[in-house]
Amino acid sequence: MIIKPKIRGFICTNSHPVGCAENVKRQIEFVRNKPAITNGPKNVLVIGCSTGYGLASRITAAFGSEAHTLGVCFEKEPTEKKTATAGWYNTAAFHQEANKAGLAFHSINGDAFSDEIKQESIDYIKQNMGKIDLVVYSLASPKRKDPDSGEVYSSVLKPIGKQYTTKTYNTDKDQVHEVTLDPATDEDIANTVKVMGGEDWERWVKALHNAGVLAENCQTTAYTYIGKKLTLPIYGHATIGRAKEDLDRAASELVAECDDLNLKAYVSSLKALVTQASSAIPVMPLYISLIYKVMKEEGTHEGCIEQIYRLFTEGLYNSNPELDEAGRLHMDGYETNDKTQAKIEALWEQVTQDNFHQLADYEGYHQEFLHLFGFGFDNVDYDADIDPKVNW
């Protein structure tokens, strides 16, 4: 079939297998052109391995440190008439490239929140990997089924305490407009913490620990975005921020739980980027379009792979990593420093429907959005008849 992007709201409902493979290859190439990670990981579990920061983590571990990677994701496979999700094609491309490079890998497609997938992962590790020395937790999901109660919880993106009116950008209609978000109820907050907080990260690491498959001095990290003033009402001081705070609690719990292994558990704060997750959050498309403009002018713009390679070399595999007062690793400093934020805030005050395309880097935003789904690459023929059925 000939595959062109079908965009609905903040999501693209199809993806291109050749373009997704190109996206993966470019990230692999970036890592290959960098120095190998000194004393890097050898056996890595990436929970949420198929897109965004999780995919970049898997690529960095495999191609930067020759690690054996086990990836867990939840992706739809293709049919004769329908493309797979981008994460499916990304994983297929990763398999192909890792295979060519002689690297060991395995992927499990299923609900990472479930006990069954945790057990399947443990079985694979026992049979094929021995002990894991790095666990990356990079899940973004709107829903989670509690494995104990069977109840399904849904996360919401709402401010806490009071109604919040702000500017946002509708990518579908190419429109800057005001949006008013009603405050979260206590139930909204609790549900969002249940889905996006640290509980499942804890369950994973505890299950691995109880099964005896974590190595001594093992590290684990979960990803967060903390942001600054402009994003605080919808991020930091909002339901999602409350869930991310719960990651800090989980990190402390895990260190205590696994003290026999001298486990290190970090929450890693990364920069705002176009991902399938961030596209869904009000305010973020406009904010990201502005930070892309400012950071590209400053020469500090980074994508997922640049961020994660630095996280590995400057954070996780640095004998003396810099931590904040809560013990977190930060790779977001190029975005969150006062000078850069002041420039972004000035643009935010000025931006309207009329001047948006002059003040913001919408082209950069839109191109990266398309790249997530395998579209918009200049060296891919989008008029070619492609078989959507790619297996892995």
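Yeah, the Cβs are placed from backbone N, Cα and C, and that goes for glycine too.
Copied over from Swiss-Prot:
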type	residues	note
ACT_SITE	Tyr235	active site, proton donor
BINDING	48-53, 74-75, 111-112, 139-140, Lys244, 273-275	NAD(+) binding site
BINDING	Tyr225	substrate binding site
SITE	Glu75	site 'Plays an important role in discriminating NADH against NADPH'
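Known features from Swiss-Prot, placed on the structure.
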residue : record                 : Cβ contacts under 8 Å, 6 or more apart
Gly48   : NAD(+) binding site    : Gly54, Val72, Cys73, Ala112, Val136, Tyr137, Ser138, Leu139, Ala140
Ser50   : NAD(+) binding site    : Gly71, Cys73, Glu75, Ala86, Gly87, Trp88, Asn90, Thr91
Gly52   : NAD(+) binding site    : Ser138, Ala140, Leu273, Thr275, Gln276, Ala277, Cys304, Leu372
Phe74   : NAD(+) binding site    : Asn109, Gly110, Asp111, Ala112, Ser141
Tyr225  : substrate binding site : Thr231, Tyr235, Lys244, Ser269, Leu270, Lys271, Ala272, Ser278, Asp332
Val274  : NAD(+) binding site    : Ile288, Tyr365, Glu368, Phe369, Leu372
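Taken residue by residue with DSSP, Ser50 (NAD(+) binding site) is part of neither helix nor strand, so it is coil. Secondary structure at Glu75 (site 'Plays an important role in discriminating NADH against NADPH'), as computed by DSSP, is coil. Look at the recorded positions Glu75, Asp111, Leu139, Tyr235, Lys244 and count other Cβ atoms within 10 Å of each Cβ; Asp111 has the fewest. In this structure, Lys244 (NAD(+) binding site) is part of a helix by DSSP.
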